[in-house]
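To keep things clear, I will list the structure first and then write my remarks on it.
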Amino acid sequence: FQLNVIANNNNHTMLTQTTIHCHGFFQGTNSADGHAFVNCCPIASGHSFLYDFSHPDQHGTFCYHSHLSTQYCCGLRGHFVVYDPSDPHCGLYDVDHDSTVITLSDWYHVAAKLGHSFCLGADSTLINGSGRSTGDCAASLTVISVTQGKRYRFHLVSLSCDPNHTFSIDGHDMSVIEVDSIASQHVTVDSIQIFAGQRYSFVLTANQSINNYWIRANPSFGNIGFHDGINSAILRY
């Protein structure tokens, strides 16, 4: 696996150096692990670094993020899915592709370098990059579309900086088949408590009436609840 990172950030309200840590890979290469000042130097602005490591025996859901101070909390984070051609659970679902990834993240209106808002909680919970803050009911929400009768493997990824989230989808159970990139015995639940850096795969059967259903990700503190669509997205048949 190779990831070339170029540091071009010139916004001095945030840290301009960076590192990248690929979370969950047992890659065994200190130089590519991305822990700033522990086993690597930060990438200086205007420079680049090639992360190069192997993970031939790992499959599942992973994430990456900055590992320099609080830069992660300002948005430098994302996900990976490594598909297993011999997935033991492949008979349990019909659909698994880039539209079946669900990311949860906390979003702060003040850059971490400028304020101390973290103790108060995030302004917004973002689901696949979209969400509302209190008093802003006009902001768009993520819509995830499904077809009635199909079974979907969703990859749920917590990119949270601080709070954990309780995740659920109105009217639907979830059959968990993977935890932190490890295939597991499937367990049916109606909600998942997911902490920073954790990943789950679950199978959702689209067996309800054609309608819209709330997807909910309630944070452990801060702007909790679902008034005006905060901490929410939409599952649409």
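Cβ atoms are placed via backbone N, Cα and C, with glycine included.
Record source Swiss-Prot places CYS73 in a disulfide bond whose other cysteine, from CYS137, CYS161, is CYS161. Under the DSSP three-state reduction, CYS73 (disulfide bond) is assigned to helix. Most other Cβ atoms within 10 A: among the glycosylation sites ASN164, ASN207, that distinction falls to ASN164. Proximity of HIS23 (Cu cation 2 binding site) to non-local residues of its own chain (separation of 6 or more, Cβ distance below 8 Å) is seen for PHE62, CYS63, TYR64, HIS65, GLY197, given in sequence order.
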